[in-house]
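TrEMBL lists Cys167-Cys204 with the feature disulfide bond. Here TrEMBL flags 44-193 as domain 'Lysosome-associated membrane glycoprotein 2-like luminal'. Summarising the annotation, TrEMBL assigns domain 'Lysosome-associated membrane glycoprotein 2-like transmembrane' to 213-244. Taken from TrEMBL, the feature signal peptide applies to 1-21. Residues annotated as transmembrane segment in TrEMBL: 211-234.
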Amino acid sequence: MTQIGAVQSWWLGVTLQLILAGILLQGFAAAQTTAALHKEPMRPEKGNYVVSSSNGTACLLASMGLQLNITFNSVSQNKTVRNIVNLQPNVTKSSGSCDADTASLRLSTDAEKTNVTFFFFLNTTSNKYHLSNVSLSAAWPDMKEPVSADNSSLDFLRGTLGYSYMCREQQTLTVSPDLSINTFQVQVQPFGVSGDQFGAAEECQLDEDDMLIPIIVGAALAGLVLIVLLAYLIGRKRSHAGYQTI
């Protein structure tokens, strides 16, 4: 009888661990949902932008949603504020240029009141590219003075020549103390564009990590289920042995 009681206690302990794991998983999912519901402002609409070379073929492709975080001196509030603005693709004009190892994408909106330019650099030795520079100028009605920001020492959106860079998850590109840019569902290819289409995508680390989370959780739950099954089989075997001894 002592053996049977020990097995029952062990079974109860394992079952409680499995229930606890399920509760934690539900709590994690609920926390993610709650965080998503409280994000402000809403996610920006994704825009598709093309820069063409002198012969009319596409040399830079970009598809992304952009959100500008700008700090400025407000006239109406008479203090320094931080404003978050979504870039609206339907009222945004795109332009740019492409060279052998540099490419740029300029986005202008609000009748040229907001201009942001992305500069990409290609290392011709390693055939690797990255976003190396971002510049912004903004002159909004509520600004006491226009805001400008420029950083030429960035290292974002890294990719390989002939391939596109892709990141579905939100990223924050910090440009200066007064400017950061949130990107959503980014796919960009500033070099090696063929046939006016994106090349094969190289996904960012954030996307890879996001895919790993459900796999890890699923494997952990599967392991717990296996442990419970083994505990059940062992318990049955020991309980039968106990009855035979009695």
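Placed from the backbone N, Cα and C atoms, the Cβ positions cover glycine too.
Predicted, not measured: the structure shown is a model, and the values here were computed from it.
Long-range Cβ proximity for Cys204 (disulfide bond), meaning a same-chain Cβ under 8 A and a gap of 6 or more residues, is found for Tyr165, Met166, Cys167, Glu169, Gln171. In terms of DSSP secondary structure, the domain 'Lysosome-associated membrane glycoprotein 2-like luminal' (44-193) contains 3 helix, 98 strand, 49 coil. Around Cys167 (disulfide bond), taking its Cβ as the centre, 22 other Cβ atoms fall within 10 Å, counting all chains.
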